[in-house]
């Protein structure tokens, strides 16, 4: 694993670079080769890394509990998220200050900041450790993605669910309300969604037929050419 850029909160994982807040060139994380990482995800100031054996490691800013270690302390080197050990994690995703992990059995866990409902647990509380998103426990999920303060997930039937911050319409429910639990994006109910991508405040979905839908903040033309 290599990292570069701003490391003020330890999000580069360069424990041996104390006092070095910026790395303009990629630097190798000592010890990461032995862990055999296969996926990585970045939030605004924290990082998740997934090993081939399904273990999740996190490092960086611990504010709001985004690292999943049960505290709000930051750390500058990869530390395993103990409560996910043995669950067979296959996907990870980061919002600005929240995180998600998807198991091989299609079950979703979330943790970190919950101010806008982005954890999908029905409240606005922060969670310092991963908690199951029980509203989707009867669904076999195939993908999870995080925007700045919202989350989306696709199930095996090609249905898209979203929740969290809705001020810019980024949850796709035709409202600016915050959504505290996963909710089906009804306007796409008859489409087979195969992939979703989340920007900070806008979202895009791809159908099995090659169609693309976009919604949310369009200030820079990221949804429709020309912007608002």
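Cβ atoms here come from the backbone N, Cα and C positions, even for glycine.
Unlike curated entries, TrEMBL annotations are predicted automatically.
The domain 'RCC1-like' annotation in TrEMBL covers 2-185. Positions annotated as repeat 'RCC1' by TrEMBL: 1-53, 54-105, 106-157, 158-209.
Residue counts for the repeat 'RCC1' (158-209) under DSSP, helix first, then strand, then coil, are 3 helix, 23 strand, 26 coil. Broken down by DSSP into helix, strand and coil, the repeat 'RCC1' (54-105) contains 6 helix, 23 strand, 23 coil. The average pLDDT for the repeat 'RCC1' (158-209) in the predicted structure is 98.
Broken down with DSSP, the repeat 'RCC1' (106-157) shows 3 helix, 23 strand, 26 coil.
As a summary of secondary structure, the repeat 'RCC1' (1-53) carries 4 helix, 24 strand, 25 coil according to DSSP.
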